[in-house]
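Taking it in order: structure first as structure tokens, then the write-up.
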Amino acid sequence: MSDETAAETRGDARPAPAPADAPPCAPTPAPAPADAPPALARTDAPTPPAPRRTRDRARTAPPRTPRRPGRAGPVPERLRWAVDGLGLRGDEQVLEVGGGPGVSAALVCARLTTGRLLAVDRSPTATRATAERNAAHVGSGRLVVLQRALADLVPADVPDGSVDVALAVDVNVFWVADAPPEAAVLHRVLRPGGALHVLFGAGGPTAPDRVVPRVRAALAATGFVDLADVAEAPGFGVRARRP
């Protein structure tokens, strides 16, 4: 047996070499699917935020009117009641103590014709608000606003016996001391027979049976007479006169 025959018999015969002029074999591409679906978008990608319509909102929103200091608002019932109780004719010289933002001052000025109101408050915020709220009355001379503590009033501010009616609403100084200097000032500036109204709104933190006796005692110690207790739905207090 020849060597070639023996190799074929063992199965390890070498393959015959390809012809020299045979072209190289190119790989055959795999066919694409006929109906391949489009690639899906990633579901975990963040969703962009919706655009804000600030321009449309600014165009359609109504303009807001800023609230100015001293702007008129609702009138508390206790103030309306207090001013009604003064019984003004229109020609009086009136002194208001601690009027706050000027709501009661507006009510008093509306009842005056030839009279005048002096509004005294130690707070610069309160006096500024009073003047702004009642600018027309200030301009006409019917209202004078003075930033001053009542105890510090001197005759140059208010001459002796020049006031017909004095009003104090929710001013606590008249019941926290036996004879406060504020009461003495009011006694000085009121004319003989002039009226003093020391009043408090109902529903406050202090009970009338605690306040009224102390106010009466303070006014009596200062020289006021004809003291009369007041107790009605809107408020309570004491009315008195200078002899």
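Placed from the backbone N, Cα and C atoms, the Cβ positions cover glycine too.
Just so you know, TrEMBL annotations never went through curation; they're auto-generated.
Note that the structure is a prediction, hence the values are computed from the model and not measured.
If you check TrEMBL, you get these features:
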COMPBIAS  16-36  compositional bias 'Pro residues'
DOMAIN    94-194  domain 'Methyltransferase'
REGION    1-78  region 'Disordered'
Mean predicted confidence [pLDDT] for the domain 'Methyltransferase' (94-194): 97
Secondary structure tally of the domain 'Methyltransferase' (94-194) (DSSP, helix then strand then coil): 39 helix, 27 strand, 35 coil
